[in-house]
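Features as listed in Swiss-Prot:
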type	residues	note
DISULFID	Cys68-Cys97	disulfide bond
DISULFID	Cys633-Cys667	disulfide bond
DISULFID	Cys700-Cys726	disulfide bond
DISULFID	Cys701-Cys733	disulfide bond
DISULFID	Cys714-Cys734	disulfide bond
DISULFID	Cys1468-Cys1532	disulfide bond
DISULFID	Cys1580-Cys1585	disulfide bond
DISULFID	Cys1592-Cys1670	disulfide bond
DISULFID	Cys1615-Cys1739	disulfide bond
DISULFID	Cys1715-Cys1724	disulfide bond
DOMAIN	700-734	domain 'Anaphylatoxin-like'
DOMAIN	1592-1739	domain 'NTR'
CARBOHYD	Asn60	N-linked glycosylation site
CARBOHYD	Asn225	N-linked glycosylation site
CARBOHYD	Asn326	N-linked glycosylation site
CARBOHYD	Thr1241	O-linked glycosylation site
CARBOHYD	Asn1325	N-linked glycosylation site
CARBOHYD	Asn1388	N-linked glycosylation site
MOD_RES	Ser916	phosphoserine
MOD_RES	Tyr1414	sulfotyrosine
MOD_RES	Tyr1417	sulfotyrosine
MOD_RES	Tyr1419	sulfotyrosine
SIGNAL	1-19	signal peptide
Amino acid sequence: MRLLWGLIWASCFFALSLQKPRLLLFSPSVVRIGVPLSVAVKLQDAPSGQVVRGSVFLRNPSHVNELCSPKVDFSLSSDRDFILLNVPIPQAQARICFLHLRRVPEVQLMVQSSWLRDSLSKQTDMQGVNLLFSSRRGHLFLQTDQPVYNPGQRVRYRVFALDQKMRPATDILTVTVENSQGFRVQKREVFAPFSIFQDSFLIPDISEPGTWKISARFSDSLDSNSSTQFEVKKYVLPNFEVKIIPENPYILTTPGFLSDIQVIIQARYIYGKPVQGVAYVRFGLLGEDGEKTFLRGLESQTKLVDGQCQISLQKAEFQGVLEKLNISTDDLPGLRLYVAAAVIESPGGEMEEAELTSWRFMSSPFSLDLSKTKQQLIPGVPFLLQALVRDMSGSPASSIPVKVSAKLFSGSTSKNQDFEQNTDGSGQVIVSIGVPRTISEVQLSVSAGSPYPAVGSLTVKAPLSRSSGFLSIEWQNPRPLKVGETLKLNLQAVGISGSFSYFYYMIVSRGQIVSVHREPRSHLTSISVFVDHHLVPSFHLVAFYYHGGVPVANSLRVDVQAGGCEGKLELNVDSSKAYRPGDTVKLNLKTESRALVALGAVDTALYAVGGKSHKPLDMVKVFEAMNSYDLGCGPGGGDTAPQVFKAAGLAFSDGDHRTEIRKSLSCPKESKSRKKRNVNFQKAIHEKLGQYTSPVAKRCCQDGLTRLPMARTCEQRAARVQQPACRKPFLSCCQFAESLRKKARTRGQVGLARAMELLQEEDLIEEDDIPVRSFFPENWLWKVEEVDRFSQLRLLLPDSLTTWEIHGMSLSKTTGLCVATPARLRVFREFHMHLRLPVSVRRFEQLELRPVLYNYLDSDLTVSVHVSPVEGLCLAGGGGLAQQVQVPAGSARPVGFSVVPIAAAAVSLKVVARGSFDFPVGDAISKILQVEREGALHREEMVYELNPLDPLGRTLEIPGNSDPNIIPEGDFKSFVRVTASDPLEALGSEGALSPGGLASLLRLPQGCAEQTMTLLAPTLAASRYLDKTEQWSMLPPETKDRAVDLIQKGYTRIQEFRKRDGSYGAWLHRDSSTWLTAFVLKILSLAQDQVGGSAEKLQETATWLLSQQRDDGPFHDPCPVIHREMQGGLVGSDETVALTAFVVIALHHGLAVLPDKNSEQLRRVENSISRANTFLGAKATSGLLGSHASAITAYALSLTEAPEDLRRVAHNNLMAMAKDIGDKLYWGSVTTSPSNVLSPTPAPRSPADPIPQAPAMSIETTAYGLLHLLLWEGKAELADQAASWLTRQGSFQGGFRSTQDTVVALDALSAYWIASYTAEEKGLNVTLSSLGRSGLKSHVLQLTNHQVHRLEEELQFSLGSKINVEVRGNSKGTLKVLRSYNVMDMTNTTCQDLQIEVTVMGHVEYTMEAEEDYEDYEYEDLLAGDDPEAHSRPVTPLQLFDGRRNRRRREAPKAAEERESRVQYTVCIWRTGKVGLSGMAIADITLLSGFHALRADLEKLTSLSDRYMSHFETEGPHVLLYFDSVPTSRECVGFGAVQEVPVGLVQPASAILYDYYNPEHKCSVFYGAPRKSKLLSTLCSADVCQCAEGKCPRQRRALERGQQDLEGYRMKFACYSPRVDYGFQVKVLREDSRAAFRLFETRITQVLHFTKDARATADQTRNFLVRASCRLQLEPGKEYLIMGLDGATYDLKGDPQYLLDSNSWIEEMPSERMCQSTRHRTPCAQLNSFLQEYGTQGCQV
């Protein structure tokens, strides 16, 4: 009995304990540092009148005494038992409590109240729950001005910063940019005071295609990272877009059934008009892994009608093709049908392409989504199955029958229920299934659609039975709600044995508890929730009650259709209006409140070139970002209350029950597995590629399949492949493609289907290689406007015919962020004109302008077209003469005008087209035609030291010597620069910190990695000098910003050359170089603070360098950039000293980025430097070092503070090699080859002589010597002397000879100038004067050593004139002279060592029989007139492949024109065996006028495995070809070029081959157009030719015709008009071609008159020049009377040369036999009388 009473008492006590009072604690399961935490506190089961006070706070689980937030007090009572608190979490307090030191991101939410201990008899007054914490907070949205960019373009971007509530946030942001390889190229911290940050950066022009990323985060929140991506690829905007539109979004296939396959090909111009032309369509299959197999025999060639055509595949035909591939229709579901279409428009022959890759074979036309159905049953409550049915386009499918089969289990028994219901307008169906209380499990099978349904299944179970019951949330019509609507629900307790008073519920949205509520319980408890913007885009309703001390809960997830932003932003233009280029458009901006509106306009053509995957920011993306803070997982519900709370994203504790801490910030993802299909694709090329498994081998095979633009056998090509592993697959695939091409040719033009069986071109070319064409601007309107409810902008439209999309984003303090629906406007002219001009032409070349007229009106037009008169151009009728052209409706017609430029200038061409009176249409285009002078540009530089303290140096005379090759009537210019401050000139805003950086200091290209580093190195030296001497104020205010920009550009660009292991190669495809990697490590270590680079990445670079060190200390270079043996080093076989010293210098600078002093890597680097120094010291001690190796070794040992004895030996060796000239000290060069010994620099004869300019090697060596001397003795006499010599070696631009000598010299001089800086001010007065044709010209300059004054006065004077300089003052200075003029010949070059030859041939078709190479199909050859049906022969895939690779023009000419306008360039280079190069060589080819090189050809020469060049660049009319070396035997490369605008009488152009590191070592030649080419014929009409020849001389033939000189016309010409300067009777000896001139060498037989040619006597020779475009012919052996004006040029002997022009008298002297005839006797006597009178008496006036 006692036991029984004990049990009864215990049970009663237990029941009472369940009803005990308690505190309930709710909060989001993740804490956001810096964002207030919403905490709900509830008092449960407390007696009436009870008041509980306490506080809530956060703490560190490991440091419980360290609070991570302030304490927030609360007070609860039985009447106010459920409240919501906000607990602030300041960033500073989170750091103080050491949260950042925790390995696991956990924090404790605690409630503290004495009531917990006093009333509940607990041992503590605290209760808590564990939460995760994250520093992610707020929202950052990024926007770029385009979705896709070309390499070399500038990216403009914006960052919008908002807080957790979507309101503007003014925080410090960290913005980073990553390139396509994932390397960080830019990092900066910025402050956005208006919550919008804008910036831009430049994509390097050598960037590989790929996806770049811009990321932003709040600087104090590492997890708040947000990013946007954009694509970088080579493209040109299309003129029209091709779309492939399937009739159905899927292809239905089931066993024994296949639906129809129909597709529409649509082509429209960007401005919306349909394209006329032909569509070529082919099909293939795409596997799940992206593998592509083409279906041979299904190709189609169809004419477009009104811009589109329909292609239908017959079932039998399609199934027959599948059977050939052993593919059954049963294998098709899960695969995709690939469709590729190429459209050629008939008016211009332009081609664009498109592909469709998303057309799936499906077993059902629908998809079934059951994710919104809850996973738990509530016994006795109807279960709601929610299914969403979509079609294959992803759109909701309405009115689709859905069948549901429910199998209900109760113990071992079951029963079935079947339902059928149609989906509503949103594609949703809700089926209510009655569930008796005894049911424990329901198995559901669902099918949607008929007869080929989508199916799905689901099993749901009931929780274990419990006395506390279940909470049912009834929503009669589940659907997404809209803002402003009210959610009405019923709450019901099911299966409960007792009673309770209230239901409690919470609204949770975006990871925060928005509100808490309680509702009295009734028979049917109804609650209402008003949906506002705070609940967008979804929220959770979490309801609970307590019964018997046990919480019972349920939840519901509700999606909200926002429909738009919280505020309002509308962009309105009058879209119904027809806009034309240059029109003003009114853009209306409407907002709900005052806001900043960020605008941008982008050409919609960008979305056609690959930008579709990077669409602009819209509200969908904004809502996705907002919803990313939702911590809930699933549709709601759970087996227990803690599970319900956890699934809704809440943490919960009541002292007895609590939620488990969540495992991660995101929801667990369902693991999905899918069986991969294995379809046997049998195809010739695929089988070939399938032989190789590695990506490298596949790439080599792909390269072998690609045809070169020049004749090479496969064996010759394979011999150039450097990697042995690549050579075999390359050769095999090359031979395979060669055999296919042979078959294609020998079989002739087979049908299209059979041709496709021979070769599938897509297997040879990546789709990314397909270029797209246009010349349109790509974006504009990048601005931020402040708008207060309404604003109207008046915008001027660009001159493009396209469709613009205007984007707008507003930021308001009251309504947050809003992204407007883009406004589109079409810019179009029904009648418009298109005109192309060449990059440049030369004087007296003839070109044909061919404006194309487009008529999109419904009526034919008669149009009058003319070219406006302009000075310097010869035009038909003098300009203004119009041509009448008939342009039919809906067509295009070209009009031809011949033009001859006769003046070297930038000429503004204006073409005007006007309609008739009945059709007042018109258009006008104005473009600049760049007209260059004949010949090639030649430059001369001289440097003088200005020293007024030396009496002999106070007066200088700069001679005016003349070059015999100078172009007559040229532009003779001398630029003079004077400075009294060498540091500020070299390092200031006009030198290393000029807008172009070192690029402006050197006339060298900027392609490879080492050239890229020159953007960084000099700028760092300049910044260091200006920082140390505090002289930034001496320069323009923007100079500091420019320096930062230059450093950032260099850093961004060099990352494109970085390899995964941290090393660097000269090119992207080149193996890593030790020397270059060391160079990068040194410069980036110095730039680390300014570029925000990754120290870890530089540590990887240092580690790679250590791996290149040998055991005995020296470093080796597996792939040298510079052949150091040619630049010093050791005499003998050891060439590693200079390299080892260079790496030591780099590693020393790299110590700054290594970890702390005790790190293993630091010890390894220090040990490496020590071993290398031991090696260097031993070599220095041997005494065999050359001057360069001695200088860099001495500097390396001094820099690293090597042992004293080693440093002293190196110093003594270096000084023993020094040379001195007066007060200057320098080091020359001793090389390994006696033939390469550079002669010592001669000493100047006097202070007034120009300073001799040393080679690059001497400059670099002296710079290292100066760096060593500064460390050895500081600023002392020796350093002064070396710096003085080095300063005077600078070029006119401020640089030196090449990159390395410039980089090292500026580094050394900046260090010297820092050491020698003085604030003392000194003055320098300079007077420059010269006597020219216009008289004496003088300039007076007053300079100081702290002022940069640059004079670039164009002193244009007759050659032979001199410049006198007078110097006064007490400061030294420098005077530099640059002469610039054009020359006719290249005889003064050094082509004895290096050789280059350029030949140009008319369009060449290589055939296997003739050239043992591949035939050259031209895609443009397919075009035969404007009628697409004229294509009588089908297009083979080989033509598509080869033609696409060659297509590079905007408007493809017809086949006949193509053969005339395309030429083949062959560039051959070689050197004599005794001459070496320092390293890289560059061929600079100036193309013939009007031509541009085919990039596709050049890319093949650089990108394939059989690489022929390292790199190429195109700039204007120049093509730069980079070669690693110049061979001793002749080696040639070839590429095609196309002349876009017809040019006649094309003049020769120049080509230069030079040593990059020693540019004076060069060979320069001229080359001309192919013989018998139309390029050499005339294009002009009669009056235009007459105008062009207006300056040409004409031979006088009056005597030949027997005309008598009754009026003395010879004497009038000689003495009155034009009154000549000379008169000679000469005999022509020979004729010679000189560029654009012809030279006649003559011997004087009689001197009649002279002015300045005082040395002219009989039997002397004189040269006469005439333009090659003139028709004058002087025959050798004949005598002529020649009179005219004096020339401005001189021959090699210093005698004047004469230009024959319209002011020249040229008359053939008659023979004695002619003068004996009766007809000519009197005229001959009159001629002899003139010769006698004029020769003895001259002019009598």
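Please read every residue number as a count from 1 along the shown chain.
Glycine residues also receive a Cβ, built from the backbone N, Cα and C atoms like all the rest.
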Compute the C-alpha separation of Cys1670 (disulfide bond) from Cys701 (disulfide bond), stating it in Å without decimals.
54
Please identify, among the recorded positions Asn225, Cys700, Cys733, the one with the smallest Cα-Cα distance to Asn326 (N-linked glycosylation site).
Cys733
Over the domain 'Anaphylatoxin-like' (700-734), what is the model's average pLDDT?
85
By Cα-Cα distance, the member of recorded positions Cys701, Asn1325, Cys1532 nearest Asn225 (N-linked glycosylation site):
Cys701
Please report the distance from the Cα of Cys1592 (disulfide bond) to the Cα of Cys1532 (disulfide bond), rounded to the nearest angstrom.
39
Which ones, of the recorded positions Cys667, Cys701, Cys733, Ser916, Cys1724, Cys1739, have a Cα no more than 10 Å from the Cα of Cys714 (disulfide bond)?
Cys733
How long is the line from the C-alpha of Asn60 (N-linked glycosylation site) to the C-alpha of Asn1325 (N-linked glycosylation site), rounded to the nearest angstrom?
73
Please spell out the DSSP helix, strand and coil residue counts for the domain 'NTR' (1592-1739).
31 helix, 51 strand, 66 coil
Cys700 (disulfide bond) and Cys1615 (disulfide bond), Cα-Cα, nearest whole angstrom:
77
Going by Cα-Cα distance, which of the disulfide-bonded residues (Cys68, Cys700, Cys701, Cys734, Cys1715) sits nearest to Asn1325 (N-linked glycosylation site)?
Cys700
So, three-state DSSP: helix, strand or coil for Cys714 (disulfide bond)?
helix
Nearest of the disulfide-bonded residues (Cys68, Cys97, Cys633, Cys1715, Cys1724) to Cys734 (disulfide bond), judged by Cα-Cα distance:
Cys633
What does the structure give for the C-alpha distance between the residue listed as 'phosphoserine' and Cys633 (disulfide bond)? Integer Å is fine.
71
Tell me which residues of the chain lie with their Cβ under 8 angstroms from that of Cys1724 (disulfide bond), as long as they are six or more apart in sequence?
Leu1599, Pro1710, Met1714, Cys1715
Local Cβ density at Cys1532 (disulfide bond) - other Cβ atoms counted within 10 Å:
15
Which one is it: of the disulfide-bonded residues Cys68, Cys667, Cys1468, Cys1739, whose Cα lies the shortest distance from the Cα of Cys733 (disulfide bond)?
Cys1468
Between Cys667 (disulfide bond) and Cys700 (disulfide bond), how far is it from one CA atom to the other, in Å?
44
